[in-house]
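Straight from Swiss-Prot, the features:
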type	residues	note
BINDING	G102, W103, T104, G105, T106, G107, K108, N109	ATP binding site
CARBOHYD	N143	N-linked glycosylation site
CARBOHYD	N158	N-linked glycosylation site
REGION	91-251	region 'Interaction with SNAPIN'
REGION	251-332	region 'Interaction with KLC1'
REGION	312-332	region 'Interaction with SYNE3'
SIGNAL	1-20	signal peptide
Amino acid sequence: MKLGRAALGLLLLAPSVVQAVEPISLGLALAGVLTGYIYPRLYCLFAECCGQKRSLSREALQKDLDNKLFGQHLAKKIILNAVFGFINNPKPKKPLTLSLHGWTGTGKNFVSKIIAENIYEGGLNSDYVHLFVATLHFPHASNITLYKDQLQLWIRGNVSACARSIFIFDEMDKMHAGLIDAIKPFLDYYDLVDGVSYQKAIFIFLSNAGAERITDVALDFWRSGKQREDIKLKDIEHALSVSVFNNKNSGFWHSSLIDRNLIDYFVPFLPLEYKHLKMCIRVEMQSRGYETNEDIVSRVAEEMTFFPKEERVFSDKGCKTVFTKLDYYYDD
């Protein structure tokens, strides 16, 4: 970049030199400068380029989390600080690795979407954001060796093209044990792996594994008359990581990623209560352009099922199905 600027300056500020240069040579020199310096910048004005989005705004990320994610004070704080700190670190020692755990409908996928949108204009549709779904991309246990090779090649190729690549692994609880260990070299504290640096990449894992342990903690607080906001990360994180590591039905079962402490944060997503469902419904109404109708909000929330059976504290599907239930009341 600096070399291109210097070359352009010499050509513009030294007419005596320019006159002595053959027209063809001068044209080639100018073309080289324009192609190598100016063209990429013009191109990135009209198409997505790696790392071309404006600097990550802490305020914008916090606003998205506050307005779109409900009942998850732990996840909000961890995600905000971890992502903002990582993106603004010019020389991270390793990739950022986040493992999001909780029941369905609590916001795990939504958070990965928010992260992607705050880093790339295209969000989940960006060429630099890659989503893997265990049951879709890695369905057969007999093909684990093949999947490992393919996964390594895919990650290596995409990080080579864009150091700030984001990789999202959904349904980790359904992934075949041992498969995810194939990416261990990319998550470790290496400057280079076969000539490629992975230190600016982001890896996000989504899983239902450990949800029972998270629920136990939340229920204990509720039964003790404590506010869920009083739950601290230290109350859950260690027990969560141990639970996931020892869960034979989890893709992290005895994984070297956990054993070698390569997961930066185990992020617990608490089960949602009745009041949180109503928040989800209101936001969905607003996104569809409807005025908030509290009667409909209450009716939709009351149609959901809750657990434990006797106390009916937490929604068993979170906010996942409130959107389709809302369709019933706005059948155009």
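Even glycines carry a Cβ here, placed using N, Cα and C.
Overlay of Swiss-Prot feature records on the structure.
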residue : record                      : DSSP class
G102    : ATP binding site            : coil
G107    : ATP binding site            : coil
N143    : N-linked glycosylation site : helix
N158    : N-linked glycosylation site : helix
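Taking Cβ-Cβ distances under 8 Å and a sequence gap of 6 or more within the same chain, the neighbours of N158 (N-linked glycosylation site) are Y128, H130, S165, F167. Annotation for the binding-site residues G102, G105, G107: lowest Cβ count within 10 Å of the residue's own Cβ, G105. Residues 70, 103-107, 215, 218-219, 222, 271-274, 276-277, 280-281, 284-285, 288, 290, 296, 299-301, 303-306 of the same chain, all 6+ positions outside the region 'Interaction with SYNE3' (312-332), place their C-beta atoms under 8 angstroms from a C-beta of that stretch. For W103 (ATP binding site), the same-chain residues 6+ apart in sequence whose C-beta sits under 8 angstroms from its C-beta are N208, A211, I214, T215, F269, P271, D316, K317, G318. Here N143 (N-linked glycosylation site) is positioned 27 angstrom away from N109 (ATP binding site), judged by their C-alpha atoms. On its own chain, T106 (ATP binding site) has G71, Q72, F269, L270, P271, L272, G318, C319 as residues at least 6 apart in sequence with a Cβ closer than 8 Å to its own Cβ.
Contacts of K108 (ATP binding site) defined by a Cβ separation under 8 A and a same-chain sequence distance of 6+ are given as L100, H101, G102, L206, S207, F269, in order along the sequence. If you compare Cα positions, N143 (N-linked glycosylation site) sits closest to T104 out of the binding-site residues T104, G105, G107. The Cβ of N109 (ATP binding site) has 18 other Cβ atoms within 10 Å, all protein chains considered.
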